[in-house]
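These notes are about the structure you will find just below.
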Amino acid sequence: MSSVLNTVSSLRLSRVYNSNNNNHLRLPTHSVLTPPPVSFTRRRLTIRAADTDTNEVKSKAPDKAPAGGGSSFNQLLGIKGAAQETDKWKIRLQLTKPVTWPPLVWGVVCGAAASGNFHWNLEDVAKSILCMIMSGPCLTGYTQTLNDWYDREIDAINEPYRPIPSGAISENEVISQIWLLLLGGLGIAGLLDVWAGHDFPIVFYLALGGSLLSYIYSAPPLKLKQNGWIGNFALGASYISLPWWAGQALFGTLTPDIVVLTLLYSIAGLGIAIVNDFKSIEGDKALGLQSLPVAFGAETAKWICVGAIDITQLSIAGYLLGAGKPYYALALVALIFPQVVFQFQYFLKDPVKYDVKYQASAQPFLVLGLLVTALATSH
């Protein structure tokens, strides 16, 4: 639903180029697939592209690959350091960035737990798995592919070996993948509403809203990602709030206090998103994108990042304590402590060199804190 939640090992949707220059060519109109139920206009999908034959384009290895030839495992996960690949289906999988799916899957788990109405029977397990497929592979895959599509100019600077800027996959194939994943996710959302017996299709509308948020995050004219504050908060909300809401709405009732609580938690998601901005400073500066490391400088942005993550979680712990749940509050504080240790050990020393190591070390404790909060709200 991610629209919607690049986290875990790589929780970042890459920055997009403000493509309002006139020195690029437009895509041929026949390259856009336009299913009847939902339609992007030709103008909105005529993103600047290189001059290629989009009907039949053979896969080709990138011209500039990471040092050392790259890793096949990284390629399948869709993270940096990926090996060159010519298999079209592996390239398609790479565009969906499977490494970004787990936070969405975990969000569904937290929402189901917070509902207080999930039972370990075959029906509820099947519903939750289907909701995870909707949130992760379908709608997060849609979001990541869409973001890479609008991001290819800046990727040509930061990561020229990625599938789209390198020409490893054709434009038609990218557009068709975007539509397939979007419509598949929305279709599953509608099915879940019917299965749950909802009078109002809340899961469908959450999926639709998250998909729209993903679009305006990456695409003109709004392109939320151009603003470091708004874009990163939208990213955090997509990875934390939306899948939680879907899981809770599927098994119970989504209440206003949970909406507020999860949006507050999304400030921590903003901090996580900032972690991924440091490695793109060069490209962001070149293309005029106001990421927080560009706007405030790397040193200040480091402290904004850790402050957003730590203060948010401490505030949630304070809320749980005030709500008469001291043991949950204490458990959350215990999970914050190792995150702070890893921040000083890795991130604050060098956010570019140690970004992956820091996220792999610290973020498991953050997502466990999400579950603690969800369990606290269910009682």
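Note that Cβ sites are derived from N, Cα and C of the backbone, with glycine treated the same way.
According to TrEMBL, the protein has these features:
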TRANSMEM  178-196  transmembrane segment
TRANSMEM  202-217  transmembrane segment
TRANSMEM  229-246  transmembrane segment
TRANSMEM  258-279  transmembrane segment
TRANSMEM  327-348  transmembrane segment
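Sequence-remote contacts of a segment are chain residues at least 6 beyond its ends whose Cβ falls under 8 Å from one of its Cβ atoms, and for the transmembrane segment (202-217) they are 1-4, 13, 131, 134, 139, 142-143, 146-147, 182, 185-186, 188-190, 192-193, 196, 223-225, 231, 234-235, 237-238, 242, 245-246, 249-250, 254. Long-range neighbours of the transmembrane segment (258-279) within the same chain, counting only residues 6 or more positions beyond its ends whose Cβ lies under 8 Å from a Cβ of the stretch, are 5-7, 10-13, 15, 80, 114, 158, 228-229, 231-233, 235-237, 239-241, 244-245, 248, 291-294, 298, 301, 304-309, 312-313, 315-316, 319, 347, 351-352, 355, 358-359, 363, 366, 370, 373, 377.
Packing against the transmembrane segment (327-348) from elsewhere in the chain are residues 275, 302, 305-306, 309-310, 313-314, 316-318, 320-321, 354-355, 357-358, 361-362, 365-366, 368-369, 372-373, 375-376: each is 6 or more residues past its ends and has a CB under 8 Å from a CB in it.
Proximity of distant same-chain residues to the transmembrane segment (178-196), defined by a Cβ-Cβ separation under 8 Å and at least 6 residues beyond the stretch ends, is recorded for 1, 33, 35, 37-38, 96, 127, 130-131, 133-135, 137-139, 141-142, 145-146, 149, 202-204, 206-208, 211, 246, 250-251.
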